[in-house]
Structures are given as structure tokens and as C-alpha cells.
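According to TrEMBL, the feature Mg(2+) binding site maps to A:Asn7, A:Glu34, A:Asp145, A:Asn147, A:Asp245, A:His246. Positions annotated as active site by TrEMBL: A:Tyr104. Marked as active site, proton donor/acceptor by TrEMBL: A:Asp145. Positions annotated as site 'Important for catalytic activity' by TrEMBL: A:Asp216. The active site, proton acceptor annotation in TrEMBL covers A:His246. As annotated by TrEMBL, site 'Interaction with DNA substrate' applies to A:His246.
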Amino acid sequence: MQIATWNVNSLGVRLPHVLAWLQANPVDALCLQETKLTDDKFPAAAFAELGYHSVFIGQKTYNGVAILSRSPAEDVIAGLPGFDDEQKRVLTATIDGVRLVCAYFPNGQALDSDKYPYKLAWCDAMLRHAGEQLAAHPRFALLGDYNIAPEDRDVHDPAAWEGQVLVSPPERERFRALLGLGLADAYRLFDQPERSFSWWDYRQLGFQKNRGLRIDHILMSPALRDSCTACTIDRAERKKPQPSDHAPVVATLA
DNA sequence: ATGGCCACATCTTGTGGA
């Protein structure tokens with residue numbers, strides 16, 4: 001089984017990329033973030049033609065998440081229970097007996113922005129949700145754009161980023177709290193190239209110079225970790241014409 | 001030189017992203 005996550009930065013623009021990627025990478029489940037489409041505009045038929053079911057919650061312009069899967073999604077939950085939020089950022093569903101959370105963590109914008117305390121409170125609500133889901137479902141994974149680079153090695157230039165959103169100590173504390181539930185960062189289960197990132201700025205030849213951040217993650221429960229045989233970032237996708245600024249992350253389960 | 005790109009909305013300029 002393969003599970004994957006990809007922030008597509010507008011599914012309206014990136015639909016051809018996603019369809020081509022699925023044909024080349026027929027994963028069992030793909031979590032999408034930043035679809036930026038209201039539900040009436042979600043291209044479910046195009047995915048169905050490739051043999052994928054879809055569940056989705058979207059809004060105009062911002063946010064929006066979806067889970068595409070070869071088997072139908074079961075027991076779907078939209079949003080974070082107990083956390084009132086207009087923003088469409090979370091879907092939870094069971095695919096082939098694996099409980100998946102597809103999450104688009106808030107960006108936070110800046111440490112002095114109102115969006116920063118929202119991000120921290122959102123992370124706290126996610127910690128509760130992940131803990132509850134993990135307790136109920138031993139085969140559990142949390143996939144998505146976390147908007148957190150967990151360690152300095154996940155940042156192209158840690159000195160330049162110090163004090164910025166995405167790397168601040170309170171955000172990294174939230175990431176470590178998720179690990180504290182017993183979840184493993186699938187990418188770090190394996191030897192990986194140095195300077196591995198999942199997002200690169202569109203500006204300043206960010207990708208060509210590999211000036212990026214690793215902010216897209218797959219965290220998995222002990223039961224899944226034990227069967228995980230690989231986790232990779234598909235950098236090649238970022239080289240294509242009109243790419244998303246994020247690359248897909250894929251985990252393989254035996 | 002503190003911005004460079006991209007997507008989106010409302011328009012040809014502003015916001016948000018990361």
C-alpha cells in the first residue's frame with residue numbers, strides 16, 4: 001500500500017498535474033491540500049475515470065482538502081471536532097483499514113500576526129484529534145502540509161529563517177508533541193539525502209538553488225511504522241512546467 | 001535594492017502564501 005500527500009496550490013490549475021501524477025504513481029490514497037475549490041467545482045469525475053474515489057471539503061480562494069483513494073473512504077469526519085473553524089483544512093477517513101488524517105496546517109503568516117495564535121490553537125486541537133484517532137485506530141497516519149519545518153536540517157538556511165514563522169520554537173514544540181503521541185516521521189525512518197525539502201519558493205530560482213523547507217510530512221503510528229519500507233519526496237514533480245511550489249511525499253507500507 | 005513568483009479576486013492593484 002502507498003499513501004501520499006501533496007499541496008497542489010490550486011487544484012483548478014494543477015488538475016492535469018495530479019491526473020498525470022496518479023497515472024505514473026498509482027498510490028492507494030492521495031491527500032491533497034490547497035485545492036481552493038468549492039465542492040460544486042471539485043473534479044470528482046476526472047478522478048473517477050482513473051479509478052479514484054474522492055472526498056473533499058473546499059472553499060473559494062483559500063484552503064480546501066481532499067482524499068483520493070482506490071477504495072472508498074469510510075467514516076469520514078470533516079474538520080477538527082470541538083474546534084469551530086470556517087476554514088476547510090482537515091479530512092479524516094478510513095481507507096483499506098488505515099485511518100488517515102489529511103491536514104493543511106495554518107501558515108501563521110508572521111509571529112506578530114493574529115494568524116499565529118490561530119495556528120498554535122489549531123495545532124493544539126489537531127494534537128487532541130490525532131491522539132483520539134490514534135487511540136481508536138492502531139493503523140493511523142497524519143499526512144499533510146504542516147507548515148512547520150521540524151528541525152534546522154529541514155531548512156535551507158536556518159540562520160536566515162530564525163525568528164520566522166514555520167520554524168519558531170512554539171511551532172516546533174507542537175510538531176514534537178505529535179511525535180510524543182508515539183507517531184513517527186516516516187521520512188526520517190530512512191537514510192535521506194542532506195538538504196531534503198518539500199517546498200521551494202517560486203522566487204529567486206528557489207528550486208534550482210535548492211533553497212527550500214521540509215514542511216510536508218507523513219507521521220505514522222507504531223503499527224504502520226513497522227510496515228513502512230520507504231518514504232520519498234518526488235522532487236521531479238517540482239521541475240515540471242507550472243508546478244505547485246510543493247512536491248508530493250509518498251510512503252510505502254508493506 | 002528587503003523584492004524578485006504565483007494564484008486569486010476585483011479589477012490593472014491588493015492579499016496571501018511559505
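Quick reminder: no glycine exception, Cβ is built from N, Cα and C everywhere.
A map of TrEMBL features onto the structure.
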{"residue": "A:Asn7", "record": "Mg(2+) binding site", "DSSP (3 states)": "strand"}
{"residue": "A:Glu34", "record": "Mg(2+) binding site", "DSSP (3 states)": "coil"}
{"residue": "A:Tyr104", "record": "active site", "DSSP (3 states)": "strand"}
{"residue": "A:Asp145", "record": "Mg(2+) binding site", "DSSP (3 states)": "strand"}
{"residue": "A:Asp216", "record": "site 'Important for catalytic activity'", "DSSP (3 states)": "strand"}
{"residue": "A:Asp245", "record": "Mg(2+) binding site", "DSSP (3 states)": "coil"}
To see if you understand the setup: which same-chain residues, six or more apart in sequence, place their Cβ under 8 Å from that of A:Asn147 (Mg(2+) binding site)?
A:Phe105, A:Pro106, A:Asn107, A:Gly108, A:Lys119, A:Val165, A:Leu166, A:Glu171, A:Ile215
Within 10 Å of the Cβ of A:Asp145 (Mg(2+) binding site), how many other Cβ atoms can be counted across all chains shown?
29
Given the binding-site residues A:Glu34, A:Asp145, A:Asp245, A:His246, tell me which ones have a C-alpha lying within 10 Å of the C-alpha of A:Asp216 (site 'Important for catalytic activity').
A:Asp145, A:His246
Protein Cβ atoms within 10 Å of A:Asp245 (Mg(2+) binding site), excluding its own:
18
Other than its own, how many Cβ atoms are within 10 Å of the Cβ belonging to A:Asn7 (Mg(2+) binding site)?
26
Hey, for the Mg(2+) site built from A:Asn7, A:Glu34, A:Asp145, A:Asn147, A:Asp245, A:His246, who else sits with CB inside 8 A of the CB center?
A:Val8, A:Asn9, A:Gln33, A:Tyr104, A:Trp199, A:Ile215, A:Asp216, A:Ser244
Cα-Cα separation of A:Tyr104 (active site) and A:Asp145 (Mg(2+) binding site), in Å?
5
Validating a neighbour-count step here. Other CB atoms within 10 A of the CB of A:Asp216 (site 'Important for catalytic activity'): how many?
25
Under 8 Å between C-beta atoms and at least six apart in sequence, can you list the same-chain neighbours of A:Glu34 (Mg(2+) binding site), or say none if there are none?
A:Asn7, A:Val8, A:Asn9, A:Ser10, A:Leu11, A:Tyr62, A:Asn63, A:Gly64, A:Tyr104, A:Asp145
Let's check the environment of A:His246 (Mg(2+) binding site): how many other CB atoms sit within 10 Å of its CB?
25
Determine the Cβ neighbour count for the residue listed as 'active site': the number of other Cβ atoms within 10 Å of its Cβ.
25
